[in-house]
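According to TrEMBL, the feature domain 'Homeobox' maps to 40-84. According to TrEMBL, the feature DNA-binding region maps to 42-85. Annotation source TrEMBL lists domain 'TLC' at 87-288. Under the heading transmembrane segment, TrEMBL lists 96-116, 136-155, 162-181, 220-239, 259-280. Per TrEMBL, region 'Disordered' is recorded for 296-340. If you look up TrEMBL, you'll see 314-328 marked as compositional bias 'Polar residues'.
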Amino acid sequence: YLVLIQLFLGNSCRFIAKPCAINLGIQDSGPHRAQPNAILEKVFTSITKSPDGKRLEGLSKQLDWDVRKIQRWFRQRRNQDKPTTLTKFCESMWRFTFYLSIFFYGIRFLWTAPWFWDTRQCWYNYPFQPLTSRLYYYYILELAFYWSLMFSQFTDIKRKDFLIMFVHHLATIGLITFSYMNNMVRVGTLVLCLHDASDFLLEAAKLANYAKYQRLCDAFFMLFGVVFIVTRLGIYPFWILNTTLFESWELIGPYPSWWLFNGLLVTLQVLHVIWSYLIIRTASKALVRGKVSKDDRSDVESSSEEEDVTSNSTKGIFSTSSNGSNRLNGHVAAGQWTGE
């Protein structure tokens, strides 16, 4: 299934996302390329990509260049390896398609499931609960997708929230695997569907941003923020954690893996609180500035120090890498993509 996910990614980018991007006027052009310089290139590839003040002074004397010019060269050199807007649009397009499809599949499946309306049904007759084919495919597709996020995170550009996203992907994969092995798939489907509810809205906002539809981008991001906070800070603790912490204890007792299972779920809730704070901070800045502010962990840097202020007021928050999970599953909030 992991291979099928990757094939789906490649084909959707080639035959669907790329033509859509071209029709929207998105060009396959990257940042301005740095001026060729053998000495600076050697430093960049062999020593450091972000030289300190002492090294900058030494290079300035060696090349007879101004320090600011050297700083600009290193910024441009770092940026030229970053993915283009077309690449990022294609990535967001396939993520949007997957998130939207898997969310509606989950809703359609759970709508007729008794545990969707009464969470106590998750624990009746446990662990002797049947595993239907629809439930199996739902689980295995989600697991394959999160494994693909885990692998691609190491090949993508390293970001400020790398550790948070790594913990999130690890906890998610652990929860999916653990719940499947222990036949806790009923409550597992609730967790999966709940987390998918906001993901496609974030990807829609990124798509609008890449296409330069700023108002649509801001609207989708605000909607994403509302749905994210309602589902992660409201429904998740009072619906999911309530049944795993209290109803399960009441109906089947303190089973051996109770602490591990709930520990992973509580870890996700801690991440939810952090990301919700960042989303609220971003929304607050948007209300003040009139639009969503620039992503602090954007993979595109300004070409000079003077451009930073302008960049902060003209670029949207959704300037992300080709893997940008983020994801929960690449979510961003006030400078940090979060994903799930």
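Glycine is treated like the rest: Cβ placed from N, Cα and C.
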Whether the transmembrane segment (162-181) meets the transmembrane segment (96-116): three or more C-beta pairs under 8 angstroms:
no
Leading contact stretch, 96-116, 136-155, 259-280 vs the transmembrane segment (220-239) - CB distance under 8 Å
259-280
